[in-house]
Amino acid sequence: MALPYHILLFTVLLPSFTLTAPPPCRCMTSSSPYQEFLWRMRRPGNIDAPSHRSFSKGTPTFTAHTHMPRNCYNSATLCMHANTHYWTGKMINPSCPGGLGVTVCWTYFTHTGMSDGGGVQDQAREKHVKEVISQLTRVHSTSSPYKGLDLSKLHETLRTHTRLVSLFNTTLTGLHEVSAQNPTNCWICLPLDFRPYVSIPVPEEWNNFSTEINTTSVLVGPLVSNLEITHTSNLTCVKFSNTIDTTNSQCIRWVTPPTQIVCLPSGIFFVCGTSAYRCLNGSSESMCFLSFLVPPMTIYTEQDLYNYVVSKPRNKRVPILPFVIGAGVLGALGTGIGGITTSTQFYYKLSQELNGDMERVADSLVTLQDQLNSLAAVVLQNRRALDLLTAERGGTCLFLGEECCYYVNQSGIVTEKVKEIRDRIQRRAEELRNTGPWGLLSQWMPWILPFLGPLAAIILLLLFGPCIFNLLVNFVSSRIEAVKLQMEPKMQSKTKIYRRPLDRPASPRSDVNDIKCTPPEEISTAQPLLRPNSAGSS
């Protein structure tokens, strides 16, 4: 059976359209230039002399740089390693990576926010942006029946829901383990705009440095810049051969790596200045220390979130997650309690997840924003051009044969809903403010209530203290007088008693003052008061 003409033509012409893949990259060495850090822990708080593990002789190691200035090479060609495109070229400047005349490799794109001065990395990025815009233009301006934009590939790129949920769950677990308040109702927020990542230095007591790494690819260069460091004390610092500041008081431990390229396990980074590195080439003049990286999340309580949405003039500062959990780490280190294991393991797990997800999440968000901006600009340009080209046929809608060909922006509905919620909250805030002095007092009650009890106790003590003291003094005085009255008869019984003679009775009618008598006889209380007379009668 004979093949159709168009199938036969396609079969014949197919080899002419086959694209040739770039040659493999030659930035491979077999003399073991790559060595790893391995810290062996004898017991918590003591680090053995750092050793390093080299690959066996003949093991190929691929090395690529994340940034290469334009003045380091005259020409660059594409190469491929592990199904990834790289640039390769010979260095013409002694200060460039590798040295003069050495062939090195670097990534196809440089990291976000960097420029190589108009070199191949900038050109590749500009070419990629033009290709995306051209593809969107072709999809939108096709003359076939209008089917809308196909964003399925973009949706596959932006599937970050699972990674974000895992990141939030890990954060909440670590917060419950190290926070003394153990919050149950809170909001953990991750900003959509770019904010610096937070660096948490690795504690010296951490004993998880013995993980073996098997990798044959090394990326030399900063991965993240403009870091925010939580604290700069008790650091585990790295000392290279050309490190200038080796007496820094911030470092509690110094380790010396080998002179070749060194890399750290997944989840741990070198922090030099305000940049984070996965691998270093064995030379750094600035001080570098070991650190975790965590995203800039913010924790809100319900009241804090309400205050933030209402936008009051003075809002209470909310704690940032790394500082809250970092306080738990520092408290555990200072007091010797068992929080160091949970907090550092949490940081390690969170940093590991961030190590694999931060670039994908950031690239996805940037890609979405760039493509939406490009799509809006391209749609406006194409629509104006199509209206001009199809003006004689009644415009774009009649030319395409559709009743409605206008894009309805649904973001306006979301904006209206958010505005309604803000207006509702604002009305509630105004009602609270219009309730009079109690409205203002209610705002300060959470701050005043903890001090009302001690303040009232002090005032009551100052008012009624003197009265109570006087009552106590009078009570004690009365008790003393009563005791004295009870003791007075006993005291009188011990005094001397006087009597008159019994043989001279006084006249019942006579006055006491008229009686003339001699002084009474003095007798002792021990003698009887009545004595027998001379006749022997009593």
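Glycine is treated like the rest: Cβ placed from N, Cα and C.
In sequence order, Ile299, Tyr300, Thr301, Glu302 make up the list of same-chain residues 6 or more apart from Cys186 (disulfide bond) whose Cβ falls under 8 Å from its Cβ. Positions annotated as disulfide bond by Swiss-Prot: Cys186-Cys189 (among others).
Residues or ranges marked as disulfide bond by Swiss-Prot on the basis of similarity to another entry: Cys397-Cys404 (among others). Within 10 Å of the C-beta of Cys397 (disulfide bond) there are 15 other C-beta atoms, taking all protein chains into account.
Here Swiss-Prot flags Asn169 (among others) as N-linked glycosylation site. Spatially close to Asn169 (N-linked glycosylation site) yet at least six residues away along the chain is no residue at all, judged by Cβ distances under 8 angstroms. When secondary structure is read from DSSP and collapsed to three states, Asn169 (N-linked glycosylation site) falls in the helix class.
Taken from Swiss-Prot, the feature N-linked glycosylation site covers Asn208 (among others), and the record attributes it to sequence analysis.
Feature annotation from Swiss-Prot assigns N-linked glycosylation site to Asn214 (among others); the stated evidence is sequence analysis.
Look at Swiss-Prot and you will find Asn234 (among others) tagged as N-linked glycosylation site, backed by sequence analysis. Neighbour density for Asn234 (N-linked glycosylation site): within 10 A of its CB lie 18 other CB atoms from the protein chains shown.
As annotated by Swiss-Prot, N-linked glycosylation site applies to Asn281 (among others). Summarising the environment of Asn281 (N-linked glycosylation site), the number of other Cβ atoms within 10 Å of its Cβ, over all protein chains shown, is 19.
According to Swiss-Prot, the feature N-linked glycosylation site maps to Asn409 (among others).
Summarising the annotation, Swiss-Prot assigns region 'Fusion peptide' to 320-340 and lists sequence analysis as the type of evidence.
Annotation source Swiss-Prot lists region 'Immunosuppression' at 380-396, citing similarity to another entry.
Swiss-Prot lists 465-484 with the feature region 'Essential for the fusiogenic function', giving similarity to another entry as the kind of evidence. Averaged across the region 'Essential for the fusiogenic function' (465-484), the predicted model reaches a pLDDT of 89.
Marked as motif 'CXXC' by Swiss-Prot: 186-189. Note on the motif 'CXXC' (186-189): residues 168, 171-172, 175, 297-302, 305, 321 of its chain, located 6 or more positions outside it, place their CB under 8 angstroms from a CB of the stretch.
Annotation source Swiss-Prot lists motif 'CX6CC' at 397-405.
The distance from the Cα of Asn281 (N-linked glycosylation site) to the Cα of Asn234 (N-linked glycosylation site) comes to 25 Å. The two recorded residues, Cys397 (disulfide bond) and Asn234 (N-linked glycosylation site), have Cα atoms 69 Å apart. Distance noted between the C-alpha atoms of Cys189 (disulfide bond) and Asn234 (N-linked glycosylation site) is 30 Å.
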